[in-house]
Amino acid sequence: MWAGGCAGGGGFKMALCGRVRSRCPGPVLLLLLALVARPAAGGPPMPPVAPVGGGGPAAAGQAAGPGAAGPRGPRGFSSGSGWKLSEEAVCREDVVRLCSKHSWANNLAVLECLQDVRESDNEISSDCNHLLWNYKLNLTTDPKFESVAREVCKSTIAEIKECADEPVGKGFLVSCLVDHRGNITEYQCHQYITKMTAIIFSDYRLICGFMDDCKADINLLKCGSIRPGEKDAHSQGEVVACLEKGLVKEAEETDPRIQVSDQCKKAILRVAELSSDDFHLDRHLYFACRDDRERFCENTQAGEGRVYKCLFNHKLAIFYMMVKEASCQGEMLDYRRMLMEDFSLSPEIILSCRGEIEHHCSGLHRKGRTLHCLMKVVRGEKGNVGLHCQQALQTLIQETDPGADYRIDRALNEACESVIQTACKHIRSGDPMILSCLMEHLYTEKMVEDCEHRLLELQYFISRDWKLDTVLYRKCQGDASRLCHTHGWNETSELMPPGAVFSCLYRHAYRTEEQGRRLSRECRAEVQRILHQRAMDVKLDPALQDKCMIDLGKWCSEKTETGQELECLQDHLDDLVSDCRDIVGNLTELESEDIQIEALLMRACEPIIQTFCHEVADNQIDSGDLMECLIQNKHQKEMNEKCAIGVTHFQLVQMKDFRFSYKFKMACKEDVLKLCPNIKKKVDVVICLSTTVRNDTLQDAKEHRVSLKCRRQLRVEELEMTEDIRLEPELYEACKSDIKNYCQNVPYGNAQIIECLKEIKKQLSTRCHQKVFKLQETEMMDPELDYTLMRVCKQMIKRFCPEADSKNMLQCLKQNKNSEVMDPKCKQMITKRQITQNTDYRLNPVLRKACKADIPKFCQNILNRAKDDTELEGQVISCLKLKYADQRLSQDCEDQIQVIIQESALDYRLDPQLQMHCSDEISSLCAEEAAAQEQTGQVEECLKVNLLKIKTEMCKKICNPSIKSFLGEIPLKISF
């Protein structure tokens with residue numbers, strides 16, 4: 001691969017090497033008669049070449065170079081007397097072992113024999129290999145080969161302009177004809193050149209300067225090699241590779257024994273640079289891709305990497321051609337791997353990123369480390385990078401395309417080898433899905449830190465060009481052309497912002513059939529895969545990072561844990577700048593439809609999904625079902641903390657905009673537009689719709705204004721909001737300080753904060769107290785919204801109230817409270833709710849309805865003194881009790897008061913007036929009775945016994961009728 005460059009000083013193009021340099025090795029006197037005198041079978045004899053005098057053994061030895069042939073250099077190859085390869089000590093054993101005896105006298109026959117060895121078991125010794133390389137170099141530079149070529153190939157040279165322009169006497173003409181041997185039709189010329197391919201270095205005219213500058217190093221390291229390359233039997237790639245190994249060894253050793261000269265180091269670098277710059281000068285790539293170049297890039301001018309870029313843009317087209325193009329693909333793979341390993345092969349990187357390399361990435365030249373260091377800087381993890389450098393890096397990633405084969409990126413390959421062997425071993429090596437597999441295992445136990453960094457550095461750039469994800473591009477190219485106006489197979493618009501095509505694709509991914517044009521199924525699956533991966537890191541979403549950079553710094557600078565940045569932006573949605581808010585809102589809306597995009601949440605919730613939600617998780621189209629299932633099962637014992645936190649976060653985000661609840665949005669969007677226009681926040685929309693439903697119900701409207709499907713989903717939303725006080729923003733804001741003061745260590749989930757506030761209601765701030773009272777009023781009217789009651793009494797409801805309407809659930813439980821099979825915890829919760837109801841008639845819907853005429857008739861003075869949202873502490877109920885004694889109540893009201901008197905006679909806590917005015921007496925006279933776990937009238941009996949000891953007038957006044965009731969002085973309709 002390396003054999004395509006002319007090294008040396010200045011910036012001369014490789015193909016001009018021979019024309020501007022005069023330091024190529026001089027000719028050696030050789031006899032060519034033995035070579036050309038043997039005609040090919042069935043063909044005319046080759047023209048003889050006259051022997052050339054001069055030089056002698058000394059000159060030959062000098063040309064061979066030190067260590068090549070000892071004191072005598074290789075001079076010829078005739079069967080006559082003179083120097084013979086077979087007699088050289090370093091080669092004698094190999095010649096005897098591998099070559100037939102009759103060839104030993106012919107140097108050329110021995111050369112052909114030894115360089116044609118293919119089996120690894122028969123490899124010749126390195127010393128012999130090096131000797132043969134010097135011998136072949138001397139043959140290559142002999143001008144007599146050129147003299148014969150000009151005579152035999154006269155008409156061919158005239159036809160091949162490139163060869164006709166080669167300078168005379170430099171030894172380049174034969175190399176050029178060998179390059180074009182496939183196009184030679186002249187018989188004698190073809191025969192001659194075919195023979196030459198076994199003798200000379202085919203690429204010598206391109207590497208002569210390299211030979212000059214590195215000859216001493218080649219001999220010092222014994223890098224001379226005649227081993228045939230995989231692609232070009234006479235390429236000097238083996239020699240350059242050997243020198244490179246010497247460079248690496250020198251860099252690794254603290255005190256290197258052998259050092260490559262600075263002159264040769266520059267020459268090697270020049271070979272590489274020129275190879276990357278001009279397609280013609282990379283011999284492997286040139287020959288392997290010549291046909292593809294003519295097919296796809298005929299009008300592309302060579303130089304500055306233009307032909308390579310053209311071939312890269314057509315790589316998919318080439319891939320689908322016939323098998324014979326495989327060699328071109330292979331060469332491009334090698335070429336791309338080199339570019340990723342060594343930044344110095346990319347002039348744009350050197351020019352655009354010089355400052356960044358010196359400041360951030362010095363000393364990391366090998367194995368692609370410099371490029372990955374620059375990628376890290378671009379990601380914002382290690383300072384800042386200039387725009388030109390960032391563009392140069394993006395261009396390089398586009399050219400090398402490591403997304404198609406991770407092995408191109410050596411730094412990534414080495415860092416992730418262990419992860420690939422464990423987590424991705426089921427995927428074929430080199431498959432583009434390896435990268436996707438690595439992303440799937442990001443932040444898991446199988447991932448290692450170094451792999452994580454290299455992976456995210458590369459994915460940052462892949463995410464900014466949809467074509468760099470090979471699978472996505474292949475599956476979605478048609479959809480992109482149809483929906484996103486990318487008409488050409490290889491169209492690239494400099495004006496198109498990063499990620500624009502993918503943004504277009506995901507906008508169409510979740511459209512309904514009614515909304516029109518949708519993605520194909522296979523493209524939609526790929527879009528979901530990419531969204532799944534991007535959710536792990538905001539930097540993998542170009543639009544999000546671009547529009548939200550200021551907000552990320554302002555609100556989320558301390559959120560460094562995995563996935564925290566997006567959650568932070570969602571938490572501050574109302575504070576974000578407009579463009580950022582729109583992008584975060586759109587992404588959140590997308591998540592509400594398909595929560596599986598949230599890869600980290602899905603990973604945390606996998607156990608609960610497998611146990612409770614596997615059926616909806618297997619659906620190809622989620623439509624919000626999976627999140628609804630997770631919310632419903634949030635408090636199962638199998639639920640882990642990470643999953644619960646993630647689900648709650650999503651619930652909280654949903655409250656910011658009703659569009660973030662996909663099922664709610666789809667069920668109620670028409671109702672919202674009609675009944676609640678200009679309302680955005682979900683909680684406000686829920687209140688608006690709920691109020692409309694309630695009013696229609698109370699007024700017995702013939703037709704509900706809210707559609708049936710919306711009413712059903714509205715119920716789901718109302719029930720979900722009762723589980724966490726944070727899902728009711730107004731209540732939460734009103735009670736924040738009270739929560740901090742009284743419920744600081746109480747968890748939010750399972751409505752525990754709400755229950756805490758209810759139990760200390762008298763201590764709450766006025767505003768919080770009012771909000772809690774309103775909440776309780778709503779819950780008493782619709783007990784199904786009482787999350788704690790429904791949770792604690794779930795089994796008892798199934799046992800006693802399976803057919804009960806949700807509005808009558810508490811009433812049903814109260815009627816069965818004293819059953820022998822009633823669960824004690826549920827019974828205790830029912831009592832708590834009864835105590836609450838008796839504090840204010842407005843909290844007892846059944847009483848309120850039964851006494852709606854009696855209350856204003858007999859207790860108006862109390863109502864006049866009452867304040868909204870503040871309990872009357874049982875005053876109205878006490879007023880009705882007195883009227884009950886006078887038998888002045890309506891029948892329905894009398895029945896309800898009778899029940900209350902009966903219940904409070906058994907449990908003093910159900911009489912708020914008694915508790916308020918007799919608390920001291922109960923503590924001093926009846927403490928033991930009050931402490932009893934089961935209240936069966938002990939306190940009332942105690943007060944009756946100690947009636948004369950009661951000193952508080954209000955307590956005496958309250959107790960007298962109560963005690964008289966027990967004594968039978970107040971007639972009751974039912975017996976105790």
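Cβ coordinates are placed from backbone N, Cα and C, and glycine is handled just like the others.
Range with TrEMBL annotation region 'Disordered', chosen from 52-79, 556-583, 808-835, 864-891, is 52-79. For the repeat 'Cys-rich GLG1' (384-446), residue counts in helix, strand and coil come to 38 helix, 0 strand, 25 coil, using DSSP. Per-class residue totals from DSSP over the repeat 'Cys-rich GLG1' (123-185), listed helix then strand then coil: 46 helix, 0 strand, 17 coil. For the repeat 'Cys-rich GLG1' (384-446), the predicted model reports an average pLDDT of 91.
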